[in-house]
Number of protein chains: 4
Amino acid sequence: MVRVPMLKGERTDRIEALSDGVFAIVLTLLVLQFTVPDVPANRAGTELAGALADQLALLFSYLLSFFVVGIYWIVHHNLFRQIDRHDRLLLYLNLVFLLAVSFLPFPTELLGVYSTRLTWTLYALNVSLVGLVLTTLWWYADRRGFTIDAIDERTGALITLRGLIPPAVFLLSIGVAAVNLSVAFYVPFLILPLQAFWVRRYQSSEPRPEAE
Amino acid sequence: MVRVPMLKGERTDRIEALSDGVFAIVLTLLVLQFTVPDVPANRAGTELAGALADQLALLFSYLLSFFVVGIYWIVHHNLFRQIDRHDRLLLYLNLVFLLAVSFLPFPTELLGVYSTRLTWTLYALNVSLVGLVLTTLWWYADRRGFTIDAIDERTGALITLRGLIPPAVFLLSIGVAAVNLSVAFYVPFLILPLQAFWVRRYQSSEPRPEAE
Amino acid sequence: MVRVPMLKGERTDRIEALSDGVFAIVLTLLVLQFTVPDVPANRAGTELAGALADQLALLFSYLLSFFVVGIYWIVHHNLFRQIDRHDRLLLYLNLVFLLAVSFLPFPTELLGVYSTRLTWTLYALNVSLVGLVLTTLWWYADRRGFTIDAIDERTGALITLRGLIPPAVFLLSIGVAAVNLSVAFYVPFLILPLQAFWVRRYQSSEPRPEAE
Amino acid sequence: MVRVPMLKGERTDRIEALSDGVFAIVLTLLVLQFTVPDVPANRAGTELAGALADQLALLFSYLLSFFVVGIYWIVHHNLFRQIDRHDRLLLYLNLVFLLAVSFLPFPTELLGVYSTRLTWTLYALNVSLVGLVLTTLWWYADRRGFTIDAIDERTGALITLRGLIPPAVFLLSIGVAAVNLSVAFYVPFLILPLQAFWVRRYQSSEPRPEAE
C-alpha cells in the first residue's frame, strides 16, 4: 500500500518555531494600542502629561496580557520540552492554541478602553480558552505517549490538573464580575497560590511505594 | 573555472525559518482587522455589545483565513520534512508562495467588511494561488529529486494531485458565487472529503506487486 | 589579563535568526499599505471594484519591494552559508543592513501613492543602501577570513563585484528618472543580464593554471 | 516524591528564539511611525518634499532606538552565549527584559513627535530599564552558576559593572534634560568611551598571579 505521509513526526522544532513567532509578535503588538496624543506643539510641555495620563488605564490590561502571554510561553516551552513526537491532531490543537493567543490583543485593548462587565467577560473567556486548549493539548500528548520517557502517569495527571487552575479561576472571575467588577480584576491573583497548594497536596497524598 | 556559489544547498532550515516567520506574522496580523468601537464612555455598558456585534461578520473570514493559513503551514511543514535539498528556483517558488500567503490578510478583511461576489472571488483566487504555488513547488522538488529517499514515484504523484484539490475547489467556489453567493461560502468544506476520497481511490487502484 | 568576551564567535545562527525575523516581518508588513475602501454597503456591489482599482498603482511598488526584499534574503542566505565566524563589526554591519531593509516599507508606500521623481529617488536610494551595505559586509567578512575554507580569493572578489551591480543600477535609475520617470521604473531589469554578463566575462578571463 | 518539572533547563535556545523574534519585530515596527503625507496628487511634485521634511524630526528618535535595540540584541546575544542553563526566575527576568524592549516603540514615537523634557524622561527611563533588567539577568545567571565554565569570577563582575554604565548614563541624561534639553540628547554618546575606560582600568588593576 502507498503510505501517504502520515503527518506523524519525530521532532517538534517547527511547531515551536511557529509558536515562538506568534508569541513574539503578540507580545510586541500589545504596545500598538498606545497612541501618541494629539496636542498642539506649542502646548506639548504642559498638556502632554495629562493626555498621557488618560492612557494609564490601558497599562493595566497591557501588563496583564503581557504576563499572561509570557507565562503561557513559559508553560508551552516547558510542556514541549516533555513532548518529542506529534501527529496531525496535535498540530491542529497547537493551531487552535495559537488562535486563542493571537486573538488576545483585541480583548486586551477593548478592556483597556472600556472597563465593563462585558469587556472583562470577553477578556477572561479568551484567557480561559488559551489555558483550556493548552491543557487539552498536553493531556492528549500525554495520553498518546508523545511525551519523553521520564514522565510517569502520576506526573502527567498532575500537570494536566494544574493546567486547569488558571482557566477555572478566570471563569470564576466572570461570575465575580457579575457581582462586583472591581473585585474581578484581582481574582487572577488566586492562580499562583492555588497551583502551589495543589502541587503540595498532590505530593503529600502520594502512594510512596518504597517507604513503609 | 571559478565556481560561483550555485545557490544549491544541502539544508532547508533557513527557508523554513523565513517561512515560519511569515506564517506566524500573518496568523497574528489577522486580528488587527478588529477595531475597538468608539462609543461614549458613559454608555459603554449598554451600547458596546451592539457595536461589537457589528464586527461578528469579520469573524467568519478571520477564522477561515486563520485555518487556511494554519493548514498551509502544516502542509508546508510536512512537504519540507520530505525535502532536504534546494536550488535557486526552489527558493523563488517558496518566495512566490510566501507572497501569496502574506497577501491574504487584505482580501480577508475585504471579505469581512463587504460580502460580495467580487470580494469572494478575490479571496478564493488568493487562496487558490497559495495552493497552486505550493503544489508546484512540491512537484518541482519531487521531479528534481530534492526529496528524501523514502518518497517513491507513486507517492510523490499522489501528494501532487492531492495538493491540487484545494485550489480546484476554491476556483469552483468562484463559479458557484456567480450563481449563489451564500452557497459559495460552504464549497470549501468539500476539500477534506474529496482529499480522503482521492487518497482511498488511489490506494485501491495500486499495482500490488507482491500480492497474487 | 582578564579576557573580556570579545564578541567574536564561531557561529552565525542567531545573526541569521534575527535577520530572518526582520525579513519575514518586512515581507508581511508590505501588505498593510493596502486599505479596505470605504464605500456604502448597499452600493459595494457596484462601487467596490472601482475603489479597489484605485489601489492598483500600489501593486507595482508592492511587488517590486517584495521581490527586492525576497531576493536580498536569498543573497543574505547564500552569503551567510559562506560565513562561519563573526566579530563585533560584522554584527554592526548586519545591523545597518537590517536598518536599510526594515526602512523599505516606507519608501515603498510613498512610491505607491505618489509616482514622482522624489519618491523614486528615495526608493532607489534605499534599495541601493541595502545592496551596498550587504556587499560591504561580504567584502569585510571575506577580507577578515571569516569565510569557510572553500572560498578562494578570486571567487570572493567575484561575489563582491557582482554584489555592486544592483546598487549601481538603482543609482543609475535615479539619473534616468531626472530625464524620464517612466523609463526609470524599467532600469532595474538590467540587473540580471548585467550580473550574468559579469560572471561569464570574469570566468573567461581566468588564469587557467592547469591548461597549457 | 513526584518531581514536578522544575522549569530548569539545559538549553536556552527557545529563550533566544522568542527574544530574537521580539527584537526583530521591534526593529521593524519602528518604521511604522513614518506616515505617507497627504498632499493633493497634482501638487505632489512640489509639496511632497516639504511634507516629508516635517518628518525629519522622527528620524533622530528612530535611528537612536534602532541602534539601542540593535546593540541590546548584540549584548543579549553575547550574554546568552555565556549562559547555558536556566531556571524559572531567569525566564521571568528575560520576560521583563522583553517587556522593556517591546515597549520602546511608544516612547520613541512620542519623542519623535514632541521633543520635551517629559518625552525625553520617559524615553531615557525605558532605555535604562532595558539595561538594568538585562544586567540583573546576567548578574543572576552568573551568581547561580548558569554560565559556561570559561567565565571566572572577575570577568563575571566586570561584565555586570560594564552593563550598568548605559542605564546610569541615560538616568544622568534625565537630570541634564532638567537643565538643558538639547544637551541631554548628546549624553548617551558618553557610553562607549566610559565603557572602554572602565574595561581598561579594570584590567590594569588586575592581581596578575603569575607575574612576579
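Every residue, even glycine, has its Cβ placed from backbone N, Cα and C.
Annotation source TrEMBL lists transmembrane segment at C:17-36 (among others).
Per TrEMBL, transmembrane segment is recorded for C:56-77 (among others). Same-chain neighbours of the transmembrane segment (C:56-77): 16, 19-20, 23, 26-27, 30-31, 33-34, 97, 101, 104-105, 108-109, 111-113, 115, 123, 127, 130-131, 134, 163, 185, 188, counting only residues six or more beyond its ends whose CB sits under 8 Å from a CB of the stretch.
Here the transmembrane segment (C:89-108) has Cβ contacts under 8 Å with residues 7, 15, 18-19, 22-23, 25-26, 29-30, 32-33, 61-62, 64-65, 68-69, 72, 76, 83, 119, 122-123, 126-127, 129-130, 133-134, 136-137, 140-141, 144, 146 of the same chain, all six or more residues outside its ends. Among the features that TrEMBL reports, transmembrane segment is placed at C:89-108 (among others).
Residues 61, 68, 72, 75-76, 79, 82-83, 86, 89-90, 93-94, 96-97, 100-101, 103-104, 107-108, 110-111, 147, 159-160, 163-164, 166-167, 170-171, 173-174, 177, 181, 184-185 of the same chain lie 6+ residues outside the transmembrane segment (C:120-141) yet bring a C-beta within less than 8 angstroms of a C-beta in it. If you look up TrEMBL, you'll see C:120-141 (among others) marked as transmembrane segment.
The transmembrane segment annotation in TrEMBL covers C:168-191 (among others). Panel annotation: around the transmembrane segment (C:168-191), residues 60, 64, 115-117, 120-121, 124-125, 127-128, 131 of the same chain, lying at least six beyond its termini, place a Cβ under 8 Å from a Cβ of the stretch.
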